[in-house]
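Take this structure first; my questions come after.
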């Protein structure tokens, strides 16, 4: 699915019943004291179990700062919302990576101007070549890396004020 179909931002995604059940099981497994909430450390363990990486201090701080101060940790409802948002972001990044790879026909890890033009003709066919060239000229070097490609796609969709 390309940006023209998907929109420039991650859309609301719902977990399957089996995935939702897995998230609840992970929450319960990490709630060692059966208090109905996860401590900062237990949250980190849960993220490792679900996503395969340990959250950074900054990520853990952000999550913990959003927790209701009247509770002693992250409640199940909050945890499920956090996991859903992380999963949405993960799927969105994977979709963008897939799109980038499809346009990187020579497997170089970057797009040339010609690759860039072809990509936008497929992703946003109504976008004028002038805008595509302007966007490309904003970049100080001729090869567009994946992260820059992602940012440019989102910016162009925002600037043109139409779904990409």
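Quick reminder: no glycine exception, Cβ is built from N, Cα and C everywhere.
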Can you dig out which of the ranges 110-134, 135-159 TrEMBL describes as transmembrane segment?
135-159
When secondary structure is assigned with DSSP, how many helix, strand and coil residues does the domain 'EF-hand' (91-126) contain?
24 helix, 1 strand, 11 coil
When the domain 'EF-hand' (18-53) is classified with DSSP, how many of its residues are helical, how many are strand and how many are coil?
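Its residues fall into 25 helix, 2 strand, 9 coil.
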